[in-house]
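Structure first, commentary second.
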Amino acid sequence: MEWLQQLINGVSLGSIYALIALGYTMVYGIIKLINFAHGDVFMIGAFVGFYAVTYWNVGFFPALIIAMILCAILGVVIERLAYKRLRNATRIAALITAIGVSLLIEYTMIYFRGSQIETYPDGLVPNTKIDILGAQISSQSLLILGVSISLMVLLQFIVHKTKIGKAMRAVSHDADAARLMGINVDNTISATFAIGSALAGAAGVIFGLYYTRIDPLMGLLPGVKAFVAAVLGGIGSIPGAMTGGMLLGVVETVVSGLGFSLWRDAAAFVILIIILIFRPAGIFGKNTREKV
Amino acid sequence: MKKSKVFWVYIIVALIGYGIINVLINNGTLDLYYSNLIITIMINIILAVSLHLIIGITGQFSIGHAGFLAVGAYVSAICTMYFNLPFVIALVVGAIVAGFMGLLIGIPTLRLRGDYLAIATLGFSEIIRIFFLNWDYVGGASGMQVTQMTTWTYAFFCTLATIIVILNFTNSRHGRACIAVREDEIAADSMGINTTYYKVVAFVIGAFFAGLAGGLFSHNFYVILPVQFGFLKSFDILIYVVLGGLGSMTGAIFAAILLTVVSLYLQDFPETRMIIYSLVLIIVMLYRPSGLMGTKEITDLFKFKKRSKGGNVND
C-alpha cells in the first residue's frame, strides 16, 4: 500500500500549491497580471503564523486565521499602492513592478530580521500515524488536506453564491461592461487580491507546519511552481488551479519516490514546457480566439 | 553625413578609447582593482545589451538571463579547463550552447501570446542553477576552479562585437519586424510578420551573447559558483535595461556602467542595495513606465548635421 501513502502525501503537498495557485489564477483572471509578489505574501503568511505560535502562544487554527487576515491586508495594500496605477500601463511595466514589489518585500524582511531560518515548533497539531487499508498516513497530512479542502469549498461558495463573487466573475469577464452595470471595479479587484492573499497566507502557515523550516526567500520557488500549477489547470479557472496544484504535488512526490529527489524542482518546469507545447490553454481552459 | 560614415566614426572613437585604456593598464596607471572593474563593466554591458534586444526591442519579458550567463560560464570553463581548448573557441562554444538553450526555451513559450516566457525563463534559470549545483563534474556547490584568462582586449572586442551585431540587427528589416512585434503583436501579425519567428530569433541572439558574457565572466574570477547565477543576477541585468530605458541601447549601456560602479560601493550592504534597487524599479515604472531614456538614444544628442531621423528608433 506504498502507493496510497505516496498519493495522500502528494495530494496534501499539492493542496499547498493549489492554495497559492488560486491567488495567481484569480488575479490573472481579473487584471491579466502575473503577481510575482504573491509568493512573498505566502512567505509573510508563514512568518506571521510562526510568530503567532511561538510568541503569542496561540494554537494552529488561530494562527492560521491571523495569518490570513494580515495577508489579506497586505495584498490590498500592494494592489492599492503599486498595481492600481498600472491598470492601463503596458504589460511589461506591470510585470516589472510586480518583480520590484516581490524583491522589496523579501529584502525588507531580511533587512529587519536577517536571513536566518526559523523552525516551526513540533507538536503544534497531533501527529500520529493512522492505518488506512494498510498504508501509514500521518494525521498531519490529513489535517492539511482537510483545511485546504475546506478553504477551497469556502472559496467556491464566495465566488458562486455571494454578491462580491458575482461581481468578481463579471469583472473578469469584461471589466468595462461590469462598470457600466454599476459594479465598483476597483473594490472588486481589491477584494480579489484580499481573498487570493488570504489563501496564500493560509498556504504559508500550512507550509510551515509541513516542512517546519521557513526563511525570507522561501516564496520564490513555491510561487513559481504554483504559477505552473495554475497554467496546468488553465489560467483564470478556479477548479483548474485546484486540480493543477494537486496534480503537481502528486507528480513531485512520485518523482522523489522514484529516487530523483534532486530533480523534484525540475519536474514542474518540464510540465510547464509540455503543457505549453501540447495544450497551452490548460486542462480546464477554453481555446479562445484573440480579437482585435 | 551618411549613416555608414557615422558608424565608422564611432568605431574609431571606440578603438581610440580601447588604445588609451590598454596603455594605462599596461603601464600600471590602472591597477588590478580598476582593470577588474573595467572588465566587469564590459561584461555587464554585454548582458545589458543582449537583454535590451529581448525586452527593449522585441518586447518579450525574460527574467532568467542569469541562466544563459551560467550556461556560457560553465560550458566555456569546461572547454578550457578539461579539454584545453583555446580561450576564443571556448567563448564561442559557450555562447553557441547558451543560444541553443534559448532556442529550446523559446520555441514552446514564444509561440503563445502572454507572459509565459517570464515564468519559463525564471524556471529555466533556477533549473540550470540546481543542475550545476548537483553536477559533481563541475564541482557542485563548492564551485569550479578556472584560470584567469579574460583580459581587457578580450572584454573590449567581445563588447564591441555584441554592440555592433545587435545594433545592426535592430536597424535591419528583422529589427524593424521585432519593433513591430513590440508595439502591437496582433497588428504585426496581420501585416504578415511571422511573429513567432522574430521573437525566437531575438531571444536566441540575446541568449547567445549572454553566453558570451558568461565565458568572460567565468575566466575573470578564478572560481565560479552556482550561487553566483541566482535570481538576483537576473534582476541586476533587468534593472540595467529598465533604468536605461526600454528600447534605448545607449541608455542600457549607461545604466550598466553607472550601476556597476554604484553596486561596488554598496557591496557591503547587500540588503540595502536590493531595497534601493527594487524601490527605484517600482518608482520608475509608476512615474516613467518607459524607463529613464524611453526609446531615445544618448547618441541622438550629438546628431551629425543634415542626418535624417535615424538611429534604431522608429517610433
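Here the Cβ of each residue, glycine as well, is placed from N, Cα and C on the backbone.
Keep in mind that TrEMBL annotations are predicted by a computer and have not been checked by a curator.
According to TrEMBL, the protein carries these features:
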| type | residues | note |
| --- | --- | --- |
| TRANSMEM | B:7-25 | transmembrane segment |
| TRANSMEM | B:37-56 | transmembrane segment |
| TRANSMEM | B:63-83 | transmembrane segment |
| TRANSMEM | B:89-107 | transmembrane segment |
| TRANSMEM | B:114-132 | transmembrane segment |
| TRANSMEM | B:152-170 | transmembrane segment |
| TRANSMEM | B:200-225 | transmembrane segment |
| TRANSMEM | B:237-262 | transmembrane segment |
| TRANSMEM | B:274-290 | transmembrane segment |
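Taking residue pairs at least 6 apart in sequence, the transmembrane segment (B:37-56) and the transmembrane segment (B:114-132) share fewer than three C-beta contacts under 8 angstroms. With a threshold of 8 Å between CB atoms, the same-chain residues lying at least 6 positions outside the transmembrane segment (B:200-225) that come near it are 36, 39-40, 42-43, 46-47, 49-51, 53-54, 57-58, 60, 62, 65, 68-77, 80, 87, 90-92, 94-99, 101-103, 105-107, 110, 117, 141-150, 154-155, 158, 162, 165-166, 169, 174, 178. Among the recorded stretches B:7-25, B:89-107, B:152-170, B:274-290, the one sharing the largest number of Cβ pairs closer than 8 Å with the transmembrane segment (B:37-56) is B:152-170. Cβ atoms under 8 Å from those of the transmembrane segment (B:152-170) belong to residues 11, 14, 18, 21-22, 25, 35, 38-39, 42-43, 45-46, 49-50, 52-53, 57, 87, 91, 178-179, 202, 205, 209, 212-213, 216, 249, 253, 312 of the same chain, restricted to positions at least 6 beyond its ends. Fewer than three CB pairs closer than 8 A are found between the transmembrane segment (B:89-107) and the transmembrane segment (B:237-262), and contact between the two stretches is not assigned (pairs 6 or more residues apart).
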